[in-house]
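Pulled from TrEMBL:
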TRANSMEM  32-52  transmembrane segment
TRANSMEM  72-90  transmembrane segment
TRANSMEM  97-114  transmembrane segment
TRANSMEM  120-139  transmembrane segment
TRANSMEM  160-179  transmembrane segment
TRANSMEM  191-211  transmembrane segment
TRANSMEM  284-301  transmembrane segment
TRANSMEM  313-332  transmembrane segment
TRANSMEM  358-379  transmembrane segment
Amino acid sequence: MGIEREGTETQEKANDGLEVVGDRGFRYNSPLVQVALIGLVCFCCPGMFNALSGMGGGGQVDHTAANNANTALYTTFAVFGVLGGGIYNVLGPHLTLFAGCSTYVLYAGSFLYYNHHKDQTFAIVAGAILGVGAGLLWAGQGAIMTSYPPYNRKGTYISVFWSIFNLGGVIGGLIPFLLNYHRTAPSVNDGTYIGFMAFMSLGALLTLTILPPNKVIRDDGSRPAIVKYSNPSKECIEILKLFLNWKMLMIVPAAWASNFFYSYQFNNVNGLLFTLRTRGLNNVFYWGAQMMGSIGIGHVLDFSFRNRRTRGFVGVGIVATMGTAIWSGGLAKQLQYSLEDKPDLLDFKDGGRFAGPFVLYFCYGLLDAMFQSLCYWVIGALADDSQTLS
């Protein structure tokens, strides 16, 4: 979308006149450092959001407010998930990412408010605003993670991002587990929400450290692209063209499948089957499993075979096989209870009764990371510049 390249992609000199000579260790403008930074941003914002959502009902005994907020969130997210790439190309990474991350703080604050006033209006409005912000953040994140790395190491860089990002869910799971360990009330305390808000605020500030693509230099001296940001009218045209691109249309089913299961897993599995403190502990392992899954599939996609096409087919086969097995186990468990016939809550001290549902929830996290990392790898294989990939 509005890309201009100067000469070949490989350059002996950076535009600022400095000579680029291989890998000299830590470089702030290297793709690895920039991917790690966007990982830290997502650690603090969507990582903590995931931990908050993973408790079931946003940590509330009544899931109605969280369910309605999520409905508003994903309604606006569906729109700005499409528009976010164009906005990123016009505003650049700093403004886009900062605006997106700021909405996470508002969302967590709405549940702090709900903890005292039980009025879900604020939570629903905050959810709708978060959908806008999430569209901006994930458009920028996707562009950075798929365009900054060298083409033959995209799976590895995706796994690096996914591990850092999901470490946020691990730490976020420990917050409610530790702060509510002896709590008998069915909803979390104020300190839990305040802790989430502190991390999210830090994430918003970290977005200011992200470099634009024309300042990022790979180890071989090449850049992702030499970019001149577009104007809004051009971006609208380019967004419409996406609906005529058969490669992008082929990815649509995977996009539909990428997030819809979260509400089920968080509210109907973790939220219905386990006690409050155990939900937090479960999320530590759920997001830890995501780190394992992303590293494993990233290795397969980058190193398993010499031919990239073969690696892609092997990755698809592994994810499809594991997905069928894990969701079959989920169906078997779901047939044992319903919203009308709720089971007794399980605690992590319940031994054998706890083990089976816990392993199922762990496997859900493992599969999610493998599936989404595979999708990012496929998208990254379609192009090499941030404007197209955003």
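Keep in mind that glycine also has a Cβ here, set from the backbone N, Cα and C atoms.
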Verify whether three or more Cβ pairs under 8 angstroms connect the transmembrane segment (97-114) with the transmembrane segment (191-211), leaving out any pair fewer than 6 apart in sequence.
yes
When you scan the chain for residues with a C-beta under 8 Å from the transmembrane segment (120-139), skipping those not six or more beyond its ends, what do you find?
41-42, 45-46, 49, 58, 64-66, 68-85, 87-88, 96-97, 99-104, 106-107, 109-111, 113-114, 390
